[in-house]
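Asker: After the structure tokens below, expect a handful of questions from me.
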Amino acid sequence: MKQMSYVTRWLYSTSHKDIGMTYLGFGMLSAMMGTGMSVMMRMELSNGNSQFFHGNNQAFNVMMSGHALLMMFFFIMPVWMGAFGNFFLPMLMGAADMAFARLNNISFWCLPPALVCMVCSVLMEQGAGTGFTTYPPLSSMSAHSGPSVDLAMFAMHLTSMSSLLGAMNFMVTVLNMRTMGLHMVNMPLFAWAMFLTAMLLLLSLPVLTAAVTLLLMDRNFNTGFYEVGAGGDPVTYEHLFWFFGHPEVYILMMPGFGVMSHMVSTYSKKPMFGEMGMLYAMGSIGFLGFLVWSHHMFVVGLDIDSRAYFTSATMVIAVPTGIKIFSWLATIYGGELRLGVPMLFALGFLFLFTMGGLTGVMTSNASMDVAFHDTYYVVGHFHYVLSMGALFSLMGAYYYWGPAMFGLKYNRMLGEMHFWLLFMSVNVMFLPMHFLGLNGMPRRMPQYPDAFMGWNYMSSMGSAMSVMSVLVGLKSVLVQLENGENEELEMQVTPDFTESNLNREIRDSDLDLILTRPAEYHTYSELPVLTSNSHA
């Protein structure tokens, strides 16, 4: 292969692997920025008096808004969809590349300008202290007159464009680029997860785009969509935003569900228990996610019938989620369990995601949510689901597939240290938030009565511990990049039930397990043929 220049390879790239790597680097940069913002907030909250922002409560809310947007739109979504999805979906499909290689590249290059807009919105004038929901009238010109909210809106537009282009690419790839013999029902669960995530993005993002476009018009062109004085209604924005916002939670979680199935199956030396059940559960979660958005809005004055419906529909989501949890446990049960680093993160995910789900059942009740709404109970709940569910499955995916991406093994001791430090720190950080919420401490408040100080101090200690775990994780990555060729992993990754690719025919659809590490720049010179219905 002719040697490409650095600029040609990384700037004009059409290789799904190179684009995946750029997404991974971008996601890590955004994660560092978002973590820094969260640490500033926890430093402020470690004491009831003003600690860090010197009474500038707007700055606290700006940090909070920036933290949320960076972590969701610039870290978890790009790493899941862009890095792991781009890198491994064609390999799992037996495809040469993604369906639209140049579209793949432009969907990445929408993100750096979006990040610039996001950072500028934090730094310019008074910043966008609206929360990531940007509800009017707080986000209207009367409350935030500078350009900050507009810049945050532009950032959301650009990330939406990136995600929509990526989602179309993923859907076309899955529908049209499968290798011979690989039917939809036989696809690995990670490929199904990416397909369902792409469908959720395609259906929900246009609604967000419409909502923030109307907000931009209210701010700049004197329209009155959300202005009560002009005959508008701010609750319209809430309905539009949460119609996107709830599927967004499953967009962040769904790839983790897929990768969890791979990790649990591999490290239990068993095929996944109830594979079709897992598939239908993922589809059900995605479908139901569009029917429950108003559970975020129980206190805006919904009528009693609406509250009864949204409570019931939200509780129904617990059923397919429970099916997934018990199927993972059934796969582990009776298997030859090997506690490699990816499996530690998978077990951590199972425990923490279940905890987050249990607190979610409580907040789904319209009567109880009147007490929980806008307290730290909700903050604790969604961080258990996202900071622990999405993050632990993502870290597990890195340790599981990192050797395949780089061809370099990680240091197992550092990986285990990373897991235990992160596991302890996130529990110390987020468990006290539930107690604060039950006692009535409101969200988004930098100063509070001394009665709340004990649990807040404990939570801030957890935040400091999490910084240590991030440093250990970075050290683990650096050691892998510097010395990965010399590391030894005692735990063989390929499970016993994967068969060889004799005569280019293989009997299992987890194609990534039989490829070289790192995978070749062009993975398949000749496309593989699958001969079995092992996943049907």
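Each Cβ is built from the backbone N, Cα and C atoms, and glycine gets one as well.
When I checked Swiss-Prot for this same protein, it listed these features:
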type: BINDING; residues: Glu44, Pro446; note: Ca(2+) binding site
type: BINDING; residues: His67, His383; note: Fe(II)-heme a binding site
type: BINDING; residues: His246, His295, His296; note: Cu cation binding site
type: BINDING; residues: Tyr250; note: O2 binding site
type: BINDING; residues: His373, Asp374; note: Mg(2+) binding site
type: BINDING; residues: His381; note: heme a3 binding site
type: TRANSMEM; residues: 19-39; note: transmembrane segment
type: TRANSMEM; residues: 69-89; note: transmembrane segment
type: TRANSMEM; residues: 103-123; note: transmembrane segment
type: TRANSMEM; residues: 152-172; note: transmembrane segment
type: TRANSMEM; residues: 188-208; note: transmembrane segment
type: TRANSMEM; residues: 240-260; note: transmembrane segment
type: TRANSMEM; residues: 273-293; note: transmembrane segment
type: TRANSMEM; residues: 315-335; note: transmembrane segment
type: TRANSMEM; residues: 341-361; note: transmembrane segment
type: TRANSMEM; residues: 388-408; note: transmembrane segment
type: TRANSMEM; residues: 418-438; note: transmembrane segment
type: TRANSMEM; residues: 461-481; note: transmembrane segment
Asker: Can at least 3 Cβ pairs under 8 A be found between the transmembrane segment (341-361) and the transmembrane segment (418-438), with each pair 6 or more apart in sequence?
Answerer: yes
Asker: Are the transmembrane segment (188-208) and the transmembrane segment (19-39) close enough to be called in contact, which here means at least 3 C-beta pairs under 8 A that are separated by 6 or more residues?
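Answerer: The answer is no, given that the two segments have fewer than 3 Cβ pairs within the 8 Å cut-off.
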Asker: Quick check: which same-chain residues outside His246, His295, His296 lie with their CB within 8 A of the centre of the Cu cation site CB atoms?
Answerer: Trp242, Gly245, Val292, Trp293, Ser294, Met297, Phe310, Thr314
Asker: Hey, which bits of the same chain come close to the transmembrane segment (418-438), Cβ under 8 Å, at least six residues off its ends?
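Answerer: Same-chain contacts beyond the ends: 42, 341, 344-345, 348, 352, 359, 372, 375-381, 383-384, 387-388, 391-392, 395, 452, 455-456, 458-459, 461-463, 465-466, 468-469, 472-473, 476.
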Asker: Between His383 (Fe(II)-heme a binding site) and Glu44 (Ca(2+) binding site), how far is it from one CA atom to the other, in Å?
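Answerer: Just about 19 Å between their Cα atoms.
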Asker: Cα-Cα, whole number of Å: His246 (Cu cation binding site) versus Asp374 (Mg(2+) binding site)?
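Answerer: His246 (Cu cation binding site) to Asp374 (Mg(2+) binding site), Cα-Cα distance: 16 Å.
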Asker: Can you grab the distance from His373 (Mg(2+) binding site) over to Pro446 (Ca(2+) binding site)? Cα atoms, rounded to a whole Å.
Answerer: 18
Asker: Need the DSSP three-state call for the residue listed as 'O2 binding site' to compare against my parser.
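Answerer: Going by the DSSP assignment, the residue listed as 'O2 binding site' falls within a helical segment, counted as helix.
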Asker: Let me spell it out: take the transmembrane segment (152-172), skip the flanking residues so only those 6+ beyond its ends count, and list any with a Cβ under 8 Å from a Cβ in it.
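Answerer: Result: 65, 69, 73-74, 77-78, 81-82, 85, 89, 98-100, 103-104, 106-108, 110-111, 113-115, 117-118, 121, 128, 130, 134, 194-195, 197-199, 201-202, 205-206, 208-209, 212-213, 215-216.
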Asker: Looking at the transmembrane segment (388-408) and the transmembrane segment (103-123), are there 3+ C-beta pairs under 8 A, with each pair at least 6 apart in sequence?
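Answerer: Judged by the Cβ rule, the two regions do not touch, with the required three close pairs absent.
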Asker: Spatially speaking, which of the binding-site residues His67, His295, His381 is closest to Pro446 (Ca(2+) binding site)? Use C-alpha to C-alpha, please.
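Answerer: The answer is His67.
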Asker: With Cβ-Cβ distances below 8 Å as the criterion, list the same-chain residues six or more beyond the ends of the transmembrane segment (69-89) that contact it, or say none.
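Answerer: Non-local partners: 16-17, 19-21, 23-24, 26-28, 30-31, 33-34, 37, 95, 98, 104, 107-108, 111, 114-115, 118, 132, 152, 155-156, 159, 162-163, 166-167, 170, 173-174, 190-191, 194, 197-198, 201, 248, 251-252, 255-256, 259, 386, 390-391, 394, 397, 401, 404-405, 512.
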